[in-house]
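**Student:** Before we start, here is the structure in question, set down as structure tokens.
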Amino acid sequence: MTTTRSAGHLEVRGIAKRYDKVSAVDDVSFRMAPGEFLTLLGASGSGKTTTLKIIAGFEAPDSGEVWLGEQPITQLPAHRRNIGVVFQNYALFPHLTAAENIAFPLRVRGIGKAERAKRVRHALATVRLEGTGDRYPRQLSGGQQQRVALARALVFEPQVLLMDEPMGALDKRLREALQLEIMRIHRELGITICYVTHDQEEALVMSDRIAIYDDGRIRQVGTAEELYELPESVFVAEFMGESNVFHGTLDGKGKVGRLIAPRRPPITVSIDGPCPIGDGADAVVVVRPERIRVLRRRRGDSEPEPGRNILTGVVQDVIYLGSDRRYLVALPDGSTCQARVGAAHADPGIGRGDHVELTWDRADAILLEAPAAEREATS
Amino acid sequence: MNRFPWKGGLHSVVALIAIFLLLPTLVVIPLSFTEGTLLRWPPRGFSLRWYEILLTDQALRDATLKSLEVGFFTAVAATAIGTSTALGLTRGRFRGRQLTSSLVLSPIVVPTVITAIGTYFVFVRLGIVGTTAGLVLAHTVLALPLVIVSVTNSLRSFDRNLELAAASLGAGPLTTFFRVTLPLIAPGVAASALFAFITSWDEIVVALFITDPVVRTLPVVIFNQVRSGVDPTVAAAATLLILVTVIALGVALLARRRTMT
């Protein structure tokens, strides 16, 4: 464990929170480096907002700690934490103008009038709202209101900024513009941001790292690439992008594992590399649709190229998406496999009813343990 | 919206009920302008002589001023206590909150006579029967539930996130209350202050028990005069009472409407 913590270093240690008998957050831990942009991503009710409330000090955890820099802040009331918060519904004070809203944290801190005016001007410029300072929140559009809220949360120079679905109420175009704006501000100010969203794309665009929430727990934390390429569970794999999931039993021989799907006729999926899961165990293989190549089936035996896996099937549907084509292929065991082929490699001649070969590099197959619920069901 | 084929009939019924409710009150107003010396229907002619007497009669004038004084302090006390109670009942999380809530609202349910008798015995012990402070105290108890209900409603429709936002911006609970919560629920608080004033202004039952010939409110004086000799001055005093009530009520309703929008 490193001992030096600098400003903006936020750490959450094993926090848990129950409402009545329902667990909202269960043993959640993560550390944020100063200046990092971490997104808590998950469905509604998965505990990400509760985590944020505990960090902000709006809710007390039943157990666990929150650290900011070298200070435990779990017991500190919200108004002494010096953490900026941006709310989904903006939470601007309706009886104050935009400038007065932004001046609020400065006024509370007893900062003089001249200094206040200077910093409010600066904050308005940071969010590109010069000249709207004397308007009331109701006279501003949703996007402008959220910018004011952002300026208000930044003007007192907090070490950490928390954002709770800040774009939930905005339309898509505004959302994209504001995303870029937040990223620019994050870059310019070097502030640590903890961001909550249920929008996967938003998380991918903005974050340094993403924490995936499920049912009050963090399933995995990592960069977007890590989560996509190396998911640690089927849940994460399916949450991040599209995937083909093959369930079956492992028969590990040497370095190549084979997963035999239980249905008839069985299909075999091979895996490359060391097999961490024991022989004969239930397992899952995940293959991303864009890793699969689709070829017209040749006559005679289909022998896979070395290092590649091969499945045969019949095309059910081809969806043209401009930049690529999506193939839905029925496999011999009755399941469906999805492939996505870029325009440069797609054979436009392949259509519905054609027999095709689906091949992918064994290294692209992700081997995972079968989800717990499934293991119980089959045993 | 439903369509009522019998809408016209419904309107008439509502109008009749309104007249039934208002007539006893409204009858007094023309009576106060009578030329005659008897409180009798129909009034004769038109004169302001009874208002002149009202303004010059020492007892009535004193009682009016006393009523205004007691009403004012009742409004201040009930609003201050009631607002903090409402805040505690809506925001606080503590054991027995439901019970506390029922207890503070109980003066609405308990018959006023009971409250009056109880108050009387306690006040005799404390030696504050016939004092302004005692009257304010008793009326504050009666007005408190109204303030609590009214302010609680304002607080319920108030966006809690604004308080959380204020806290995240560094404002402690007191600063948050005075800079954010109070300015936003101010119309509701003002309305409840006026309701508290009205409660005291036209209260008679408790006042009859705990006033004495020196410290008397307007309703008490009117009541005594009606019992002794019937003189149209009473009608003038009653009209004044109604007028002040209507004005206070009107302002209160206006204040409430501002909260809604």
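Counting starts with 1 at the first residue shown.
Backbone N, Cα and C atoms are what each Cβ position is placed from, and that goes for glycine too.
What you see is a predicted model, and the numbers here were worked out from it, not measured in a lab.
Sharing the features that TrEMBL gives for it:
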- B:64-253: domain 'ABC transmembrane type-1' (DOMAIN)
- B:12-33: transmembrane segment (TRANSMEM)
- B:70-90: transmembrane segment (TRANSMEM)
- B:102-123: transmembrane segment (TRANSMEM)
- B:135-155: transmembrane segment (TRANSMEM)
- B:176-198: transmembrane segment (TRANSMEM)
- B:234-255: transmembrane segment (TRANSMEM)
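On this model, are these features tucked inside or out on the surface, and what's nearby?
**Tutor:** The list of residues near the transmembrane segment (B:12-33) in space but at least 6 beyond its ends in sequence, with Cβ under 8 angstroms from a Cβ of it, reads 39-43, 46-48, 50-51, 232, 235-236, 238-239, 242.
Long-range Cβ contacts of the transmembrane segment (B:102-123) within its own chain (Cβ-Cβ under 8 Å, at least 6 residues beyond either end) map to 85, 89, 129, 134, 138, 141-142, 144-145, 148-149, 205-206, 208-210.
Residues 70-71, 73-75, 77-79, 81-83, 85-87, 89-91, 104-108, 112, 115, 119, 123, 128, 181, 185, 187-189, 191-193, 195-196, 199-200, 203, 206-207, 210-211, 215, 217, 259 of the same chain lie 6+ residues outside the transmembrane segment (B:135-155) yet bring a C-beta within less than 8 angstroms of a C-beta in it.
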